[in-house]
Amino acid sequence: MSAHSLRILLLQACWALLHPRAPTAAALPLWTRGQPSSPSPLAYMLSLYRDPLPRADIIRSLQAQDVDVTGQNWTFTFDFSFLSQEEDLVWAELRLQLPGPMDIPTEGPLTIDIFHQAKGDPERDPADCLERIWMETFTVIPSQVTFASGSTVLEVTKPLSKWLKDPRALEKQVSSRAEKCWHQPYTPPVPVASTNVLMLYSNRPQEQRQLGGATLLWEAESSWRAQEGQLSVERGGWGRRQRRHHLPDRSQLCRRVKFQVDFNLIGWGSWIIYPKQYNAYRCEGECPNPVGEEFHPTNHAYIQSLLKRYQPHRVPSTCCAPVKTKPLSMLYVDNGRVLLEHHKDMIVEECGCL
């Protein structure tokens, strides 16, 4: 099996875990029954995966929690709990399973309401008040609705961009239960077609790009599956976070230590005027498995440390090495002239596992 085929199979497996199978036709809302099936979100994501030119750093597919299409008033509810760090939204679009242009009202603009609602806690009392947070209302004229790959597509970049730029704004929207909740007899929610999705294309902030580091580690730490792993540890399970607790003595972990350099000892003292000595620092110590964000790993180092945890005799540990350095200004003699020059990468500022 080729590496490309293996990656596709892994993506399919991840999708199956994250998105339950679509409901049967009898359970779908009336406006989706009996219609030709649209390409699944997985098929669309695979087409993006095969695209040789990535459109953004991160592409998310959010399945609708609830959809209500009544005439020209359309309401969509998604779980935006992933909004934990700032991102620059490049493009956002709703991809819906609608039969065709005849379902788009032509007498006026569509009113679109976007809500946030976290996925329900299975231990919650069904009679409890449900919380749904309004995020944005905007209008779309019929000419802005397009049809691509068997789906109805609505571009919604501008209304949602502020939420990714300031994820804390979502928390500020949480008001009193009286304002944001409604009490009603409990009825099971109507399943929503799994092909109704919100596609979000976003880039990491420029400062985060410049810092580099293991983007896979950030995703793993913020994912809902990582959060579930933490819960399993709290309940006595054996999860990823519990394994991380078995670390070497912190005093033996990768760190920066003093490293005094004397130019006279290496025979350079005759032409270097200043400094004659300086503290270059160096890195020493063990790297934990798996390695944490505080050790500034690359994606490759993070994956290597995970494999080392499960195959300790086959995979070598990552190495403690400089990840950030700074220059040293030196005054020295060159062909009878006195020069002042700044030489980069002379002093270790931070150590990490690579």
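Glycine is no exception: its Cβ is also placed from the backbone N, Cα and C atoms.
Features reported for this protein in Swiss-Prot:
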- 1-26: signal peptide (SIGNAL)
- Asn73: N-linked glycosylation site (CARBOHYD)
- Cys254-Cys320: disulfide bond (DISULFID)
- Cys283-Cys351: disulfide bond (DISULFID)
- Cys287-Cys353: disulfide bond (DISULFID)
Revision key, fill the gap. Cα-Cα, Cys353 (disulfide bond) versus Cys320 (disulfide bond), nearest Å, comes out at 5
Check your understanding: Can you tell me the three-state DSSP label for Cys320 (disulfide bond)?
Key -> strand
Exercise for review: Could you state the whole-number distance in Å separating the C-alpha atoms of Cys351 (disulfide bond) and Asn73 (N-linked glycosylation site)?
Suggested key: 55
Practice item. Identify, in sequence order, the residues in the chain of Asn73 (N-linked glycosylation site) that are 6 or more apart from it along the sequence and have a CB within less than 8 Å of its CB; answer 'none' if there are none. Key: Leu110, Thr111, Asp113
Check your understanding: Once the chains shown are all counted, how many other Cβ atoms turn up within 10 Å of the Cβ of Cys287 (disulfide bond)?
Key -> 25
Point to revise | Cys287 (disulfide bond) and Cys320 (disulfide bond), Cα-Cα, nearest whole angstrom | key: 6
Review point. If you measure Cys254 (disulfide bond) to Cys287 (disulfide bond) at Cα, how many Å is it?
Key: 6
Revision key, fill the gap. For the disulfide-bonded residues Cys254, Cys353, the largest set of other C-beta atoms within 10 Å encircles the C-beta of Cys353
Revision key, fill the gap. If you count the other CB atoms within 10 A of the CB of Cys320 (disulfide bond), including all protein chains displayed, you should get 21
Check your understanding: What number of additional C-beta atoms lies within 10 angstroms of the C-beta atom of Cys283 (disulfide bond)?
Key -> 20
Review point. So for Cys351 (disulfide bond), how many other CB atoms are inside 10 Å of its CB?
Key: 24
